[in-house]
Amino acid sequence: MATHDQTDHVTESAEEVVGWETRLRYFLNSDFVRSSPYWGIPFVLMGIAVYGGIGYNLAISFTDYSGLGTPDYSSLDFEMYTQALSSDAFLAAAQNNLVLLVVFTTVCLILGLFLAVLLDHGIRFSEKFQTVYLLPMSLSFVVTAQLWLWMFNVESGILNLIVTTFGFAPVDWIGNPSVALAAVIFALVWQFSGYTMVVYLAGLQSIPDDQFEAARVDGASTIRTYLRIIVPQLKEASVSAAVVLMVFALKAFTFLYALVGRYRPPNGTDILATLMVRRAFKFGEWAYSAAIATMLLVMALGVIGPYLYYQHKQGSL
Amino acid sequence: MASSSSTRSFDVASLVEDVNLRRVLQYTLVLLFLGFFLVPLETGIMTAIKTNESVARSLPFAPPASEGFTLGNLQFAFERLADSFVNSLIMAIPATVGSVLLGSMAAYGLTLVDWRAQLGVLMLFLAGIFVPYQAVLVPLARFWNNIFPLARMLQPFVASIPFLEAYHANLAPLVITHIAYGIPICTILFRSYYQSLPSSLVEAAKIDGSSITKIYRRIVLPLSKPMFGVVFIYQFTQIYNEFLFAFTLVVGADAPAAPVTLILPAIGASTSGIDFGIRMSAAFLAAIPTLILYVAFAEQFAKGLRTESG
């Protein structure tokens, strides 16, 4: 009995050793390990930069670091967050962010859809027109800001030429706080509506032509066909274009900075991104600007999170 | 529908057939939008080649009269921009090559294999595309200035390379930063392409006993040439046009290592206002590399954008 037990035990542990070795060998030969140099290196580099950076930023935002020496991590609190949330400058910037997010995205989607529909149907040289409509997208924010600074110029800008032709007084588009944000959105729409057009055109081209034919046979007008049959099928294109546009809107810092070439954007157009960079690089309030950046990231997550979940649910990842 | 008309030859009969109210309205709108997108560009170019006096007197979009024409603005702007052009290229070319290569590798590793956490890893890549750069600026500045001062460490080495100056070392952290943050988008762009490749090719090679590296080098890389074009053009445009990282890591428009985007907003500005002739000249010179790429490869650029949106 005892010997039997022992032999049993020996065979069992021998089996175990073999099993462990086999499993290790199997693991080392698996696609997961052998392909890891390919996805692993980029993943580590990207992971440190993006997620390490976010974590580091979060840590600094809980300190009261102001640029001298090293941050003091011994007393962590939410002071910078409460300070930001109770400041008028922060609230105004957050409000502008929301306006920019909603208005810019909506206008870009509508105009982009309109352009796509316009070019989708039997237009000669349609590709050439698409190329021109998308052209601004290849330019830097810094360049487009210069072009629009000139378009919006008080004395001789084209916008004011149009306004005065209709008998109105010239408007200081960039200098007047009550119109500056609208002017910025207008210029951004100029740069990005071609992008929405491209996304919608790809969506339109994936819809079979016979749906148009069927609608026509049923006697539906073109506008009706689009509104009732085509546009509802473009939901996925709309969602992904909207997400990209919103992220661009959150990043509009560069455009606003380049508009005047200074830390402070034109009056009334401060957004969280410009506020954050000014606080950090002009005043050296690193912890405070890290806190603002965290809240900006939370806003972005509010857009990205549901999008990734939606994509995941659709199985389109 | 679109194809039925594009195959039609351009003759008078079809033109007449096309002329009805809806068509006229459609073409009117198409041309109006053509104007909307082109007027700011046309105005900029016209202003760039006018003398100051002519800028003040003529309509902004009108071509210069013969005595109002000058190339002086362009020449002045070019002299101010020349060094930063070199900086931009020294930054953008290695950063583009690096991020595109690593993105292709990551996408290969993630489409070839099948393991449980793969979707999670992919999600982390995808989310990385959308993270606002502001959320990492403070850590970036601290890391490259205080924790790992790579620029200072590299200066003697870079100075010994022909055609480079010591200050070009300041571009090294910028290049690495652009590679790291460019990886997510490049990975996603390549991944959608690799998924569309016939899997039988890779499977057959696997059965033949080819190693993962061999499959990548012999099969995947040659097949992804067209996608390399797309991602390269898209990524070069993004990095060349980028401003915020350059602003954070190469502080100050008068820094010798400043890329083009950094110094453009300062050109032609004075206490008496902006000299728009010089400013527009500089804007167009700064835009030339990406404009050329765009005009030559518009379809590839658009393809990159389409894939980015999923």
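Positions of Cβ are set from backbone N, Cα and C atoms, glycine also.
Marked as transmembrane segment by TrEMBL: A:38-59, A:98-119, A:131-151, A:157-174, A:181-202, A:237-260, A:286-310. If you look up TrEMBL, you'll see A:94-309 marked as domain 'ABC transmembrane type-1'.
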Candidates A:38-59, A:98-119, A:157-174; stretch with most C-beta pairs under 8 Å toward the transmembrane segment (A:286-310): A:38-59
Stretch among A:38-59, A:181-202, A:237-260 sharing the most Cβ pairs under 8 Å with the transmembrane segment (A:98-119): A:181-202
Candidate ranges A:38-59, A:131-151, A:237-260 - greatest C-beta contact count to the transmembrane segment (A:181-202) (under 8 angstroms): A:131-151
In contact by Cβ distance (the transmembrane segment (A:38-59), the transmembrane segment (A:131-151); 3 or more pairs under 8 Å): no
Folded-back contacts onto the transmembrane segment (A:38-59), same chain, C-beta under 8 angstroms, at least six residues removed: 71, 73, 76, 290, 293-294, 297
Same-chain residue ranges lying at least 6 outside the transmembrane segment (A:237-260) that approach it to Cβ under 8 Å: 97, 100-101, 104-105, 108-109, 112-113, 140-142, 144-146, 148-149, 174, 184, 187-188, 192, 195-196, 199-200, 202-203, 266, 269, 271-274, 277, 296, 299-300, 303-304, 307, 310
